[in-house]
Amino acid sequence: MLYKGDTLYLDWLEDGIAELVFDAPGSVNKLDTATVASLGEAIGVLEQQSDLKGLLLRSNKAAFIVGADITEFLSLFLVPEEQLSQWLQFANSVFNRLEDLPVPTIAAVNGYALGGGCECVLATDYRLATPDLRIGLPETKLGIMPGFGGSVRMPRMLGADSALEIIAAGKDVGADQALKIGLVDGVVKAEKLVEGAKAVLRQAINGDLDWKAKRQPKLEPLKLSKIEATMSFTIAKGMVAQTAGKHYPAPITAVKTIEAAARFGREEALNLENKSFVPLAHTNEARALVGIFLNDQYVKGKAKKLTKDVETPKQAAVLGAGIMGGGIAYQSAWKGVPVVMKDINDKSLTLGMTEAAKLLNKQLERGKIDGLKLAGVISTIHPTLDYAGFDRVDVVVEAVVENPKVKKAVLAETEQKVRPDTVLASNTSTIPISELANALERPENFCGMHFFNPVHRMPLVEIIRGEKSSDETIAKVVAWASKMGKTPIVVNDCPGFFVNRVLFPYFAGFSQLLRDGADFRKIDKVMEKQFGWPMGPAYLLDVVGIDTAHHAQAVMAAGFPQRMQKDYRDAIDALFDANRFGQKNGLGFWRYKEDSKGKPKKEEDAVVDDLLAEVSQPKRDFSEEEIIARMMIPMVNEVVRCLEESIIATPAEADMALIYGLGFPPFHGGAFRWLDTLGSAKYLDMAQQYQHLGPLYEVPEGLRNKARHNEPYYPPVEPARPVGDLKTA
């Protein structure tokens, strides 16, 4: 053994060839600060070996290196800029020394090589991979850019276009694509990986392969003519501006850095990467996006822990076909859980099956499945007008009309047709679960399971615990949602649960702005372009359905009369009374016509201004700041109340529910992350300006308390230790 660290070791393999093996104590290898320091020590040992002829890097895990340790990021981002810059210089000196070894080097890459893992293998001369490879640089998705030389080496290896596509989009690619673009030199079966890598090294040692020529381009300026450079970088900047926009500075910074570094050799190019990385790491966007990653891990870990002792349902059923029922049935069948889909009429069943078939055909068009797989999946959805097969199902989700009487009747009837241990769930969006449970003999086997539309796209499923729902019931439904590829978040019961309960105060803020003379077009523009929502409130209401929102608003007002009962006729009432239900009937805040792809395209409709004039004061202008404040304060206040009332368990779960269920702008990180970034005292000052607008604008006492003590909602993060300690960590 030449060297043994906590996460890697170095040993002789054969005849002058050494192997450096990543072997962390846990289930995966991460390139954390300690591993970078250990890698530097191992390379120091290699540099002393006079009889070294070649080096093979490999992993003892199912994946090579999954990336940097993102749990360290938030504390690293708090390190002063100069210290962070110094640490990056140290880390890059380690990879440079790996790249500069006076012998050929090869990485035998299995499974994932992402982020720092990818940057590590870019420093070797050759890369041999297994068919299960996923390799790439996802840093821009975390609000940063590659910091271990990825933005320098990858363009010089692949050419500007392929590298920009991966780096700017934060993409990873599979083995075939990696081989095609030159990111790896070969793909072999897992059992032949090490032997294959040794064979390549022997060829390089014997002079059959010119490893020095392979290495040289990575040390030099990027080989691009002026015209090629202009085209590549202009196109990349245009694409990034279109897709990422101003709220996500990392992708455009990465492109500009690669462009600026193109004319320099490795050292100067790495300096430019360093100068770009450090300011990005100190942005609110980076903290928010890293926070989302960590919250996502937390939420998924919680679901895994909850379901460790239960069996995932093997057979499911959906009550109520149509678009929603068909979407749920498709998602279940697509992920391997056969489903019975019941309705009371043929027309709805046909609609449900058509929806499932349409979604499967999209997978076929994208090349994700072949005709055989499509036929196989669709055959596991069984449409029925009766309860045939219900004695075999483990879980049933009801997705009938949003009417408590109808839902109670359907659930009570179904309870008589299933096994005593079968779990029933309701896909209601607003009706309290405990109210529906009154109709059942076994309320402990019942809970809420709120999907979001369109089911195949929206990641969130709210699992609602009723007063009598058992832990096992919740666990089974969480297991099914996870199996469907969804992110289940368990919430406690109340009208609207979590997501709709906090959405309707936001709509109330919108209605009040319109009442006071604001233009809905400007509100939408501000909330989309400035705050960052994917849709403004008017457009969102058109998509959700004005009739759906009108009904849900009444349910919420009955549930929370003190705050959500309104004493005036609003824009939603006016449009509803005029039979303008949004996209579903082509008339809402806008008029809708289908484009060439069959998608609804919005157009101005002057009639709307006349309708809104009946429920509004004369038009006047509002500043962007006032629009954002008046829209967001009611929502954030309600989010805080939900935490204080234990409707939702943690700030992390609340923020993920908002992002995955409503499209809350990820660069803000969620409502609690936004609050922490703004500061609770500053938020309180802002909210107090609008208290006269009513109870929705009154800040909850718990938040006032946070402001008094200057406390954040997320646990404070300590800066990482000084750079000298990081080196030797």
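Yeah, the Cβs are placed from backbone N, Cα and C, and that goes for glycine too.
Listed in Swiss-Prot for this protein:
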type     : residues                                                       : note
ACT_SITE : His450                                                         : active site, for 3-hydroxyacyl-CoA dehydrogenase activity
BINDING  : Asp296, Asn500, Tyr660                                         : substrate binding site
BINDING  : Met324, Asp343, Val400, Val401, Glu402, Lys407, Ser429, Asn453 : NAD(+) binding site
REGION   : 1-189                                                          : region 'Enoyl-CoA hydratase/isomerase'
REGION   : 311-729                                                        : region '3-hydroxyacyl-CoA dehydrogenase'
REGION   : 708-729                                                        : region 'Disordered'
SITE     : Glu119                                                         : site 'Important for catalytic activity'
SITE     : Glu139                                                         : site 'Important for catalytic activity'
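It is 32 Å from the Cα atom of Glu139 (site 'Important for catalytic activity') to that of His450 (active site, for 3-hydroxyacyl-CoA dehydrogenase activity). Taking all protein chains in view, 28 other C-beta atoms sit within 10 angstroms of the C-beta of Glu119 (site 'Important for catalytic activity'). The separation of Asp296 (substrate binding site) from Val401 (NAD(+) binding site), Cα to Cα, is 32 Å.
Tyr660 (substrate binding site) falls within a helix when secondary structure is assigned with DSSP. Sequence-distant neighbours of Asp343 (NAD(+) binding site) (same chain, six or more apart, CB under 8 Å from its CB) are Leu319, Gly320, Ala321, Gly322, Gly325, Leu349, Gly352, Pro383, Leu385, listed in sequence order.
Our reading of the substrate binding annotation (Asp296, Asn500, Tyr660) yields a largest Cα to Cα distance of 21 angstrom. The record assigns Met324, Asp343, Val400, Val401, Glu402, Lys407, Ser429, Asn453 to the NAD(+) binding site, and the maximum Cα to Cα distance across that set is 19 Å.
For Asn453 (NAD(+) binding site) paired with Glu119 (site 'Important for catalytic activity'), the C-alpha to C-alpha distance reads 39 Å.
The residue listed as 'active site, for 3-hydroxyacyl-CoA dehydrogenase activity' sits 19 Å from Asp296 (substrate binding site), taking the CA atoms of both as reference points.
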